[in-house]
Amino acid sequence: MALRFPRFSQGLAQDPTTRRIWFGIATAHDFESHDDITEERLYQNIFASHFGQLAIIFLWTSGNLFHVAWQGNFEAWVQDPLHVRPIAHAIWDPHFGQPAVEAFTRGGALGPVNIAYSGVYQWWYTIGLRTNGDLYTGALFLLFLSAISLIAGWLHLQPKWKPSVSWFKNAESRLNHHLSGLFGVSSLAWTGHLVHVAIPASRGESVRWNNFLDVLPHPQGLGPLFTGQWNLYAQNPDSNNHLFGTSEGAGTAILTLLGGFHPQTQSLWLTDMAHHHLAIAFIFLVAGHMYRTNFGIGHSIKDLLEAHIPPGGRLGRGHKGLYDTINNSLHFQLGLALASLGVITSLVAQHMYALPAYAFIAQDFTTQAALYTHHQYIAGFIMTGAFAHGAIFFIRDYNPEQNEDNVLARMLDHKEAIISHLSWASLFLGFHTLGLYVHNDVMLAFGTPEKQILIEPIFAQWIQSAHGKTSYGFDVLLSSTSGPAFNAGRSIWLPGWLNAVNENSNSLFLTIGPGDFLVHHAIALGLHTTTLILVKGALDARGSKLMPDKKDFGYSFPCDGPGRGGTCDISAWDAFYLAVFWMLNTIGWVTFYWHWKHITLWQGNVSQFNESSTYLMGWLRDYLWLNSSQLINGYNPFGMNSLSVWAWMFLFGHLVWATGFMFLISWRGYWQELIETLAWAHERTPLANLIRWRDKPVALSIVQARLVGLAHFSVGYIFTYAAFLIASTSGKFG
């Protein structure tokens, strides 16, 4: 018999139903469950696949550069970044009639094009790229890296070049390599690029390979470095009337601590960013020499963890046993990595708008909105994934004997306390926040808006004041004009910071009031509830009061029959599934809040947000309904316009989202009956019954149907909001 899909599971390959296909796809990446897998092959397969992942990333970024160089308007945009719309790529569509061709021909292009809302133009401009030739060079280089990655992946699957398990489990060497070799060296290299190429470009000087060795990045060269007069590198920074990309108002400093923003570009000073990357490089280069490898000096991570025993013995055996538990569990390591990456991605979303690093990106409002929303959604998916793999760790890898009475075991021992506290916090936040919103709704409905309960966020305002925001009238720390911190800030460090915090032309420490207080607590409710579901799913993954032996059922069992009071919806997978809905819900509130507050700021009618955000009807009417009018206007009696594609995507997104419920709200038996009826009709229809199938069609399993429903719900939800966000922002601000 010919080998059927999936080759990695003989049991599945012999399944006579369509379950073979779906389960095959579902377990294709679960290498641990494949036939004939060994620990060594598991590690080697994952290692090799990382190179494939890198190859795809390099190919994708190369494609971005290539298409902008080929079909974009980068050189025209460089001449006037604030008024030329950046083109991502051309649109070739044989269905376009004349109205469509006219609607999408913009940005100085000859035919229909897509506008770039990704910020790549601003990024490339900031780092010193100026011509299409530069972009082509970058595209070719990344293509080369992509090829190298593919070759490396193939190479590490050859018997001679396959690393051993001991190599993968050498935590100290890996840490040293990643800290020094990857973070440290790459940060140092980036500092070098900023100092040698980007900063000269911002001052109107082109540095390329042909003159790279002739142009001094600083008039005094390396002299100050070797004589210890490092402060010379900070002297004579760019002036406040510096025109970015020209020598007008330019200085000679390369490493500064100015603080605040470049007045023209509204982005962080390049010389501050070079300084930042140099400091990061230094820290990581040091950190990467801390762990003991072949030379017998430095820390052993196992020794560090074993030494972590809390005083007095009241917290058990501390971190004993953790080293082997983590080092032998890929799921634990992946969980830690995803948790860190998720937090970092969310921080990127926050910092990209509050402290914009790229020239002129702060004035490109649609790009700002798109980047914030994009990074928050990505963060949500990554963070939920962290808990999914945490749960799989407890089911597949956790050994109670190895972890007796250490922090991990003690966390499991008092999981009821953890879960009930989270539950209490979620209930408190939910009822109080909804209570305030609904009370305010009723007051507005009965025409007595003055009876709303409006709470000033005084603690948050105090924190903003401590960082230098003066408008609230708190006389504290950096907002206290007589204090030593304030005086030092004027001269020694970050003199531009206080101006930036108190200017209203950026997003640093936005003024907050009762509407912000309420939505902050709505978001806190979402975060705590999502966390509650995820934490409960992971801590109960091996067993709970109702079902003590979950471990034997695995990660994604649907139910254990009607016994024990009915055990549906209690697998670790079910917790993850439910949590993703809450995650999407929460990020909805986060992005609604960010977008509405910023739209009113950019339009100069901030009172609309302040007055309408204190009750639910305000959100529905003055944010969602009012801003979706552009979408519904993509086609009108006068023909179509450039928003029509978003109007279509808005409708299509709703369709995909609604389709999700077909899978989420139905019983498996209904589908099986439907399939049997369709198969019966097929077999009795002339001509059609000439086509047969090998696999008996069966309905999706409960877990699979939920996954398909969740996928449609998520994709449709994000498509719908993306169309709304981009159309409503670009429709207002161009």
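Cβ coordinates are placed from backbone N, Cα and C, and glycine is handled just like the others.
Remember, predicted model here, so these are calculated numbers, not experimental data.
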Range annotated as transmembrane segment - as stated in Swiss-Prot, picked from 100-124, 175-199: 175-199
Other parts of the chain folded back onto the transmembrane segment (517-535), taken as Cβ under 8 Å at six or more residues beyond its ends: 384, 387, 418-419, 422-423, 425-426, 429-430, 432-433, 436-437, 455-457, 460, 575-576, 578-579, 582-583, 585-586, 589-590, 593, 613-614
Among C559, C568, which are binding-site residues, the residue with the most C-beta atoms within 10 angstroms of its C-beta: C559
Integer Cα-Cα distance in angstrom, W671 (phylloquinone binding site) to M662 (chlorophyll a B3 binding site): 10
Largest tally of Cβ atoms lying within 10 Å of a Cβ, found at which of the binding-site residues Y670, W671: W671
Neighbourhood of M662 (chlorophyll a B3 binding site) by C-beta distance under 8 A, where only residues 6 or more apart in the same chain count: G709
Sequence-remote partners of the transmembrane segment (643-665) [C-beta within less than 8 Å, at least six residues beyond its ends]: 100, 103-104, 628, 630-635, 700, 705-706, 708-724, 726-727, 730-731
Distance [Cα-Cα, Å, rounded] between Y670 (chlorophyll a B3 binding site) and C559 ([4Fe-4S] cluster binding site): 18
Same-chain residues near the transmembrane segment (273-291), Cβ under 8 Å, at least 6 residues beyond its ends: 171-173, 175-181, 183-185, 187-188, 190-191, 194-195, 198-199, 234, 254-257, 298-301, 357
Feature contact check the transmembrane segment (417-439) with the transmembrane segment (575-596), CB under 8 Å, 3 or more pairs: no
